[in-house]
Amino acid sequence: MPNSIKRRGLMLVLSSPSGAGKSTLARMLLTDKEKLELALSISVTTRSRRPSEIEGVHYHFIQTREFERLRDSDALIEWAEVHGNFYGTPREAAENALADGQDMLFDIDWQGALQLQEKMKGDVVSIFILPPSMAALKERLHRRAEDAEDVINMRLDNARNEIERWRSYDYVIVNEDLDRAYQQVQSIVTAERLRRDRCPGLFDFVSSLLDEKLD
Ligand code: ADP
Ligand code: 5GP
């Protein structure tokens, strides 16, 4: 489709139990910028920063009081408590980007995905990432080596509950081979961008096509 045809941005929601590879896939999508041009929605969280994380890049790390202030002033499109911490999506940045035709990536849990699906149904494309096995999930959480042992155990305990949410997503991908899973996410983005109802600019394009005079 020609780039001149205007369309509204889409909201690509990626969720998974912790350790299934969602952040890895998100990183691959974001660094593949030339082709996919997705922008990450940067959440606010009350969780402590991991050693590898950068304020304003991975999250905005805030105190609980500040989180409550944002939530109570309707500055978050969705929010949830996950693994004992609060997380939320800032409203303004996401809404401006979508209106501008910028596609956004949301790395959020099932509770947030449900809220976005309710509030912004036509804009959301949701993908759930599953691990190939529970043993692989455990192994990946340990290999990531960024969380303490008790945090890893809590995340594993929560994984079954999270996996049970798979049915409320548009697409489900089993992340066994990372490159294959990435190709599958890419294909979904490409196809969803071409949906007729996402491209209001098609009306003008088709009119001008039909009006075109041939010699
Ligand atoms: P999540 O964001 O879902 O919690 P991460 O993306 O941080 O998970 O991945 C957890 C760990 O698993 C990381 O060390 C990552 O490099 C690794 N990983 C991700 N996908 C795969 C895969 N397909 N095969 C093997 N390891 C993977
Ligand atoms: P982590 O602490 O591993 O970065 O994230 C824990 C969980 O919180 C992940 O499932 C992640 O997708 C989710 N999460 C991150 N940001 C948000 C957010 O803004 N809203 C919601 N609902 N979940 C989030």
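Including glycine, each Cβ sits where the backbone N, Cα and C put it.
Residues or ranges marked as ATP binding site by TrEMBL: Ser16, Pro17, Ser18, Gly19, Ala20, Gly21, Lys22, Ser23. As annotated by TrEMBL, domain 'Guanylate kinase-like' applies to 9-190.
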Where the C-beta lies under 6 angstroms from ligand 2, the matching binding-site residues among Ser16, Ser18, Gly19, Ala20, Gly21: Ser18
Of Pro17, Ser18, Gly19, Ala20, Gly21, Ser23, binding-site residues neighbouring ligand 1, Cβ under 6 A: Ser18, Gly19, Ala20, Gly21, Ser23
Gly21 (ATP binding site) in three-state DSSP notation: coil
Least Cβ-crowded entry, counting other Cβ within 10 Å, from the binding-site residues listed as Ser16, Ser18, Ser23: Ser23
Near-site residues: ATP, ref Ser16, Pro17, Ser18, Gly19, Ala20, Gly21, Lys22, Ser23, CB cutoff 8 A to centroid: Ile129, Pro131, Leu137, Arg140, Asn175
